[in-house]
Amino acid sequence: MLYGANPMNKIRLMALSLTFSLAGLAQAADPVNVPDLAKANGCFSCHGMTEKVVGPAYSSVAQRYAGQKDAVADLMMSIQNGSTGKWGRMAMPSHPSLAKDDVKRLAEWILTVKK
Ligand code: HEC
(Lines of atoms letter the chains of each structure in order from A; the text may use other names.)
(Lines give C-alpha, C1' and ligand atoms only; values in the text may rest on other atoms or scores of the structure.)
Protein backbone atom coordinates (compact mmCIF):
# COMPACT_ATOMS: atom_id res chain seq x y z
CA MET A 1 0.00 0.00 0.00
CA LEU A 2 1.35 3.40 -0.92
CA TYR A 3 0.87 5.14 2.42
CA GLY A 4 0.82 2.02 4.58
CA ALA A 5 4.20 2.49 6.17
CA ASN A 6 3.40 5.65 8.10
CA PRO A 7 0.05 5.83 9.89
CA MET A 8 0.22 9.65 9.96
CA ASN A 9 0.06 9.70 6.19
CA LYS A 10 -3.10 7.67 6.27
CA ILE A 11 -4.66 10.11 8.72
CA ARG A 12 -3.65 13.07 6.57
CA LEU A 13 -5.17 11.39 3.56
CA MET A 14 -8.42 10.81 5.44
CA ALA A 15 -8.51 14.41 6.62
CA LEU A 16 -7.93 15.56 3.06
CA SER A 17 -10.74 13.50 1.60
CA LEU A 18 -13.04 14.65 4.41
CA THR A 19 -12.25 18.26 3.53
CA PHE A 20 -13.13 17.60 -0.07
CA SER A 21 -16.37 15.85 0.70
CA LEU A 22 -17.38 18.70 3.02
CA ALA A 23 -16.67 21.20 0.25
CA GLY A 24 -18.89 19.09 -1.99
CA LEU A 25 -21.66 19.19 0.58
CA ALA A 26 -21.48 22.94 0.88
CA GLN A 27 -21.88 23.23 -2.85
CA ALA A 28 -24.80 20.84 -2.87
CA ALA A 29 -26.50 22.94 -0.17
CA ASP A 30 -26.57 25.95 -2.50
CA PRO A 31 -28.97 27.31 -3.95
CA VAL A 32 -29.73 29.36 -0.89
CA ASN A 33 -33.42 29.74 -0.17
CA VAL A 34 -33.73 33.48 -0.70
CA PRO A 35 -37.20 33.98 0.79
CA ASP A 36 -35.84 32.36 3.98
CA LEU A 37 -32.91 34.74 3.82
CA ALA A 38 -35.31 37.67 3.61
CA LYS A 39 -37.34 36.28 6.49
CA ALA A 40 -34.26 35.68 8.65
CA ASN A 41 -33.12 39.26 8.10
CA GLY A 42 -36.41 40.89 8.97
CA CYS A 43 -37.16 42.17 5.47
CA PHE A 44 -40.76 41.00 5.68
CA SER A 45 -41.44 43.18 8.69
CA CYS A 46 -41.43 46.12 6.28
CA HIS A 47 -42.01 44.53 2.87
CA GLY A 48 -44.71 42.30 1.41
CA MET A 49 -44.38 40.31 -1.78
CA THR A 50 -47.23 42.16 -3.49
CA GLU A 51 -48.51 44.50 -0.76
CA LYS A 52 -47.00 47.77 0.40
CA VAL A 53 -46.25 47.58 4.12
CA VAL A 54 -43.76 50.14 5.47
CA GLY A 55 -41.67 49.78 2.34
CA PRO A 56 -42.78 49.08 -1.22
CA ALA A 57 -44.05 45.64 -2.28
CA TYR A 58 -41.30 43.60 -3.88
CA SER A 59 -43.49 43.22 -6.96
CA SER A 60 -43.57 47.04 -7.25
CA VAL A 61 -39.78 47.20 -6.95
CA ALA A 62 -39.46 44.57 -9.70
CA GLN A 63 -41.89 46.52 -11.89
CA ARG A 64 -40.12 49.83 -11.38
CA TYR A 65 -36.66 48.47 -12.18
CA ALA A 66 -37.71 46.12 -14.99
CA GLY A 67 -35.30 46.33 -17.90
CA GLN A 68 -32.81 48.62 -16.14
CA LYS A 69 -29.35 47.23 -16.52
CA ASP A 70 -28.01 48.59 -13.23
CA ALA A 71 -31.01 47.40 -11.25
CA VAL A 72 -29.16 44.71 -9.27
CA ALA A 73 -26.37 47.11 -8.31
CA ASP A 74 -28.85 49.85 -7.39
CA LEU A 75 -30.90 47.58 -5.18
CA MET A 76 -27.77 46.15 -3.59
CA MET A 77 -26.72 49.68 -2.66
CA SER A 78 -30.13 50.42 -1.17
CA ILE A 79 -30.27 47.19 0.83
CA GLN A 80 -26.74 47.54 2.14
CA ASN A 81 -26.64 51.28 2.82
CA GLY A 82 -30.30 52.05 3.37
CA SER A 83 -32.52 54.12 1.15
CA THR A 84 -34.61 57.22 1.44
CA GLY A 85 -36.73 59.37 -0.83
CA LYS A 86 -37.24 56.89 -3.65
CA TRP A 87 -40.62 55.51 -2.64
CA GLY A 88 -42.07 57.88 -0.11
CA ARG A 89 -41.24 59.51 3.16
CA MET A 90 -40.22 56.36 5.03
CA ALA A 91 -36.54 55.42 5.00
CA MET A 92 -35.05 51.95 4.93
CA PRO A 93 -32.31 51.37 7.49
CA SER A 94 -28.94 50.06 6.31
CA HIS A 95 -28.04 46.39 6.62
CA PRO A 96 -24.29 46.51 7.17
CA SER A 97 -23.98 42.99 8.57
CA LEU A 98 -25.43 41.23 5.53
CA ALA A 99 -22.85 39.38 3.43
CA LYS A 100 -22.42 40.85 -0.03
CA ASP A 101 -23.38 37.54 -1.66
CA ASP A 102 -26.62 37.55 0.28
CA VAL A 103 -27.37 41.16 -0.63
CA LYS A 104 -26.90 40.21 -4.28
CA ARG A 105 -29.15 37.16 -3.92
CA LEU A 106 -31.84 39.31 -2.31
CA ALA A 107 -31.61 42.01 -4.99
CA GLU A 108 -31.76 39.49 -7.84
CA TRP A 109 -34.65 37.67 -6.23
CA ILE A 110 -36.68 40.84 -5.57
CA LEU A 111 -36.37 41.75 -9.25
CA THR A 112 -38.14 38.49 -10.16
CA VAL A 113 -41.18 39.01 -7.90
CA LYS A 114 -44.36 39.24 -9.93
CA LYS A 115 -47.65 40.84 -8.97
C1 HEC B 1 -37.69 49.18 8.90
C2 HEC B 1 -38.36 48.83 7.66
C3 HEC B 1 -37.56 48.13 6.58
C4 HEC B 1 -36.82 46.98 6.65
C5 HEC B 1 -36.52 46.13 7.89
C6 HEC B 1 -36.39 46.68 5.31
N7 HEC B 1 -36.83 47.64 4.44
FE8 HEC B 1 -36.47 47.70 2.44
N9 HEC B 1 -37.41 49.51 2.34
C10 HEC B 1 -38.04 50.14 3.40
C11 HEC B 1 -38.51 51.44 2.95
C12 HEC B 1 -39.29 52.45 3.81
C13 HEC B 1 -38.14 51.55 1.59
C14 HEC B 1 -38.35 52.77 0.67
C15 HEC B 1 -37.11 53.66 0.77
C16 HEC B 1 -37.13 54.84 -0.15
O17 HEC B 1 -38.18 55.45 -0.34
O18 HEC B 1 -36.05 55.16 -0.70
C19 HEC B 1 -37.46 50.32 1.25
C20 HEC B 1 -36.95 50.05 -0.01
C21 HEC B 1 -36.42 48.83 -0.39
C22 HEC B 1 -36.01 48.48 -1.73
C23 HEC B 1 -36.09 49.39 -2.95
C24 HEC B 1 -34.85 50.28 -2.95
C25 HEC B 1 -34.70 51.16 -4.17
O26 HEC B 1 -33.55 51.57 -4.40
O27 HEC B 1 -35.68 51.47 -4.87
C28 HEC B 1 -35.51 47.21 -1.68
C29 HEC B 1 -34.95 46.41 -2.83
C30 HEC B 1 -35.61 46.76 -0.32
N31 HEC B 1 -36.15 47.77 0.45
C32 HEC B 1 -35.21 45.52 0.14
C33 HEC B 1 -35.12 45.18 1.47
C34 HEC B 1 -34.49 43.97 1.97
C35 HEC B 1 -33.87 42.90 1.10
C36 HEC B 1 -34.60 43.99 3.32
C37 HEC B 1 -34.05 42.98 4.32
C38 HEC B 1 -32.63 42.78 4.31
C39 HEC B 1 -35.31 45.21 3.68
N40 HEC B 1 -35.60 45.90 2.54
C41 HEC B 1 -35.63 45.57 4.98
C42 HEC B 1 -38.20 49.65 4.67
C43 HEC B 1 -37.56 48.53 5.17
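Count begins at 1; order follows the chain as displayed.
Placement of Cβ uses the backbone N, Cα and C atoms for every residue, glycine included.
Feature list (source: TrEMBL):
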- 1-28: signal peptide (SIGNAL)
- 24-114: domain 'Cytochrome c' (DOMAIN)
- Cys43, His47, Met92: heme c binding site (BINDING)
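Here the features listed in TrEMBL are painted onto the structure.
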{"residue": "Cys43", "record": "heme c binding site", "CB count, 10 Å": "19"}
{"residue": "His47", "record": "heme c binding site", "CB count, 10 Å": "21"}
{"residue": "Met92", "record": "heme c binding site", "CB count, 10 Å": "19"}
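Taking the centre of the Cβ atoms of Cys43, His47, Met92 as the heme c site, the nearby residues of that chain (Cβ within 8 Å, site residues left out) are Ala38, Gly42, Phe44, Ser45, Cys46, Val54, Gly55, Ile79. DSSP assigns Cys43 (heme c binding site) to a helical segment in the three-state reduction. DSSP labels the residues of the domain 'Cytochrome c' (24-114) in these numbers: 46 helix, 4 strand, 41 coil.
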